[in-house]
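Beneath this line is the structure, given in structure tokens, with notes to follow.
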Amino acid sequence: MSWIILVIAGLLEVVWAVGLKYTHGFSRLTPSVITVTAMIVSMALLAWAMKSLPVGTAYAVWTGIGAVGAAITGIVLLGESANPMRLASLALIVLGIIGLKLSTH
């Protein structure tokens, strides 16, 4: 259950990371409320997952999901670069997340 909660927390990190772009420095109300809410819920779920997962593993997986998710969102929705080096780097992050999951009992 902790891993599911951690994945949800990571996905919410993507929401708030991408949401920051749409807040325009927190000058737009709706995107700002959505972004701050996603931040709070993401952090709360991360803390909950850390009750039974190693801190380093949980934090690395959370940030990894956020980084990969934000980059993929940027590529797919925002027209950001999808060059081979960037995609290979994202794949390495995903492999690292899988490795951390497999090495945690």
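Every residue, even glycine, has its Cβ placed from backbone N, Cα and C.
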### Message
Do Arg28 and Leu53 end up on the same side of the membrane (judging by the domain labels in Swiss-Prot)?
### Response
no
### Summary
Listed stretches 29-49, 58-78, 82-102 vs the transmembrane segment (1-21), most Cβ pairs under 8 Å: range 29-49
## Note on the structure
Outside the transmembrane segment (58-78), at least 6 residues beyond either end, the same-chain residues with a Cβ under 8 Å of its Cβ set are 6-7, 9-11, 13-14, 17-18, 21, 42, 46, 49-50, 86, 90, 93-94, 96-97, 100-101
### Query
By a Cβ-Cβ criterion of under 8 Å, what residues six or more beyond either terminus of the transmembrane segment (82-102) are in contact with it?
3, 57, 60-61, 64-65, 67-68, 71-72, 75
